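Asker: Feature list, courtesy of TrEMBL:
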- 103-526: domain 'Major facilitator superfamily (MFS) profile' (DOMAIN)
- 100-118: transmembrane segment (TRANSMEM)
- 138-160: transmembrane segment (TRANSMEM)
- 172-190: transmembrane segment (TRANSMEM)
- 196-217: transmembrane segment (TRANSMEM)
- 229-251: transmembrane segment (TRANSMEM)
- 257-278: transmembrane segment (TRANSMEM)
- 340-364: transmembrane segment (TRANSMEM)
- 376-393: transmembrane segment (TRANSMEM)
- 405-426: transmembrane segment (TRANSMEM)
- 432-460: transmembrane segment (TRANSMEM)
- 472-492: transmembrane segment (TRANSMEM)
- 498-519: transmembrane segment (TRANSMEM)
Amino acid sequence: MIRCAVKSGGNVVAAARGDRRSPAIAAPTTVRMPDRVLCCGMRSRGADLAGVEMAGPQGGVTGLFRPRSSPRYARVRATASVDPEDIPLEKVQAKSSGNVLPYVGVACLGAILFGYHLGVVNGSLEYLAKDLGIAENAVLQGWVVSTTLAGATAGSFTGGALADKFGRTRTFILDAIPLAVGAFLSATAQDVRTMVIGRLLAGIGIGISSALVPLYISEISPTEIRGALGSVNQLFICIGILAALVAGLPLAGNPAWWRTMFGISVIPSILLALGMAVSPESPRWLFQQGKLAQAETAIKKLYGRDKVAEVMYDLKAAGQGSSEPDASWFDLFSKRYWKVVSVGAALFLFQQLAGINAVVYYSTSVFRSAGIASDIAASALVGAANVFGTMIASSLMDKQGRKSLLITSFSGMAASMLLLSLSFTWKALAPYAGPLAVAGTVLYVLSFALGAGPVPALLLPEIFASRIRAKAVALSLGMHWVSNFFIGLYFLSVVNKFGISTVYLAFASVCALAVLYIAGNVVETKGRSLEEIERDLSSAS
């Protein structure tokens, strides 16, 4: 038996064990292997093993292989902050003694604000329109809804560059500024111009957080629960939407309540900044910046000191410490990366063109036209279905896998939209149009929450190489927000021109196309570290 221990920052960490049979070698031995650079900035195994010295505990130096009857302890001196070339011969399988959940929770404040700012306009639009004098102007009402989406588009592109330059936690702190200021201006607006500016700033904030939250969570989450934690992002977006819908319930008795609905979102914005001030930076970003000692400190805080060697080895093996610089925006369109980047953009495009945000923004109006008495309560039911479905997805993410959940989700959405379309066209179903509208919408939202909602934001940071991860996530989310913007701006106009049945039928067709695309282009990532996924995709290209 060989027991391998790693010294990192002065701490000895137990490493992998294995049976090795070979005569002892009395002479001191230093293992040196050729230093070859492979594609995508990764180094060969020989480069990783260069400079590793195997020494026995008694001061004598032994070989790598030793008879079972003469156990020795091999010690690898691998203090990354001094010499990053000295790394463990085998990956350590130490148990994590840290806890990432508090830091995931802090990041998810950004997800709550994401959902809240999207949903808050649903029930409040009619009341704020009366207060601001735009009740008869559908165009200006559309801009109140869609200005947030325009800001989010700009914010999503900006977020990637900021995250690469300043790090994940500092960018979160900066992001809290437009989130808080935008909420305050919206709550105190006395004219439509101030409301639009407030919604624009809030949109920039949620655009940045939409890229940053899944990126940060994926980079700090342990491999074995990364799927569950990654889906928590979508869960808290749903909670934010639900909170906004529930917050609208007092509007019927207090028309001025809409100002309070916008104003209370200042509180989580401030908490986000304070929480991120004490949260650890992403070890992967620190390693990529060459800040090895700080990366080790972050790893100890997140997982415990026994995981330092294993995580540092994974980072080293993925080539994140190579001399290759961060990718530029133009690199995303190169032959090397375009295929995987296009998958990310396509997933978010399908997600939006499948109609989810049309349902979120205008479910109140749709229920009202179907004759539902309590339209706001029906919309709150939709939000609850979104939360419930996402909770189910969280439990299945690391068991069923990302790809199968996506296929199941889009298939269910296609069936739901077809049901909704038929409920508005078949005369035989006319007496049941109201209940069918609610049932079809709830089924649609449940299906969305099982995969189409949580999986893209989780899958993208997993499949993108480290040097393009932040910008590629930002680009994909830019596609999300652009399509979201146009749906929010023109949905009601398209419904008025073609009818809700035709629009829902178009959404069903998009869902069916998404199933075919996912089956042929999406890779499964469950149970694999980010570094393993990156190596496989890089070698495949």
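Placed from the backbone N, Cα and C atoms, the Cβ positions cover glycine too.
Note that the structure is predicted; figures quoted are calculated from it, not measured.
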Asker: Between the transmembrane segment (100-118) and the transmembrane segment (229-251), are there three or more CB pairs that fall under 8 A, provided the residues in each pair are separated by 6 or more in sequence?
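Answerer: With 3 or more qualifying Cβ pairs, these stretches touch.
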Asker: Limited to the domain 'Major facilitator superfamily (MFS) profile' (103-526), I'd like the whole-number average of pLDDT.
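Answerer: Summing pLDDT over the domain 'Major facilitator superfamily (MFS) profile' (103-526) and dividing by its length gives 85.
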Asker: Sort out for me which stretch, of 172-190, 257-278, 498-519, has the most Cβ pairs below 8 angstroms to the transmembrane segment (340-364).
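Answerer: Selected stretch: 498-519, with the most Cβ pairs under 8 Å.
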Asker: So if I exclude everything within five residues of the ends of the transmembrane segment (257-278), which remaining residues of that chain have a CB under 8 angstroms from its CBs? That is, six or more out.
Answerer: 105-107, 109-110, 112-113, 116-117, 120, 123-124, 127-128, 131, 169-170, 172-173, 175-176, 179-180, 183-184, 186-188, 198, 202, 205, 244, 247-248, 250-251
